[in-house]
Amino acid sequence: MHILLAEDDPKLGRLIHYKLEKEAHNVDWAQDGLEAEAYLDGSGYDLIILDWMMPDKSGIELCRQLRAQGDHTPVLMLTARDAVQDRVQGLDAGADDYLIKPFAFEELLARIRALGRRTVRSWQDEVLTVGDLTLSLRTHEVTRNGKPISLTKREFQLLAYLMKNAGQILTREMIMDAVWGLDADVTPNTVDAYISLLRKKIDSPRKPKRIQSIRGLGYRLVGEP
């Protein structure tokens, strides 16, 4: 399996990385939340292991961001927080399983196998369709009337979020949280700029815009402008 491990404890992270590699898994190890986010902008993963508390961006924030973007990659949350309300919070954020530290490595392997059996990568075949727009979460291919559209990674994430919530009004704050997370450099003007770029790529000349501006609220993607 191709696994992303996000763990800021050097000793624990190094140990998990080493042992998973010995089990023939391909593991990328991120040591903080922003590094994990950068990995997630790259290739797809079969499983994501997130530490709850990390510098820059927590595992909970990353998990919420993934789910808001329509990413259904299985997430296993690691944490020393064992209160019932903490477990509920982790699962409500979109985690598929929850493992309390300290844990036996054999239990971690068992959780990984269970998540692999439950998903079998079926989520990666999901294709979103809104009108004549299609978007593959597996291949990152986007087409309009069968013709390919080239998007940057951020444009793809934005379009995926809009398509996942087609017909719904999305505020700039909702879009910022889902697509950029809590990046301090992002402002509502950034959202407007990316919406403008996306419109140029997905709209047909002389036809109404697919991404509608809702005055005082935000944006809405529609199938038939």
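The backbone N, Cα and C atoms fix where each Cβ goes, glycine too.
TrEMBL labels come from automatic prediction, so no person has curated them.
The following features are taken from TrEMBL:
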DNA_BIND  125-223  DNA-binding region
DOMAIN    2-116  domain 'Response regulatory'
DOMAIN    125-223  domain 'OmpR/PhoB-type'
MOD_RES   D51  4-aspartylphosphate
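Neighbours of the residue listed as '4-aspartylphosphate', defined as other CB atoms within 10 A of its CB across all chains, total 25.
Per-class residue totals from DSSP over the domain 'OmpR/PhoB-type' (125-223), listed helix then strand then coil: 37 helix, 24 strand, 38 coil. Under DSSP, residues within the domain 'Response regulatory' (2-116) fall into helix, strand and coil as 52 helix, 24 strand, 39 coil.
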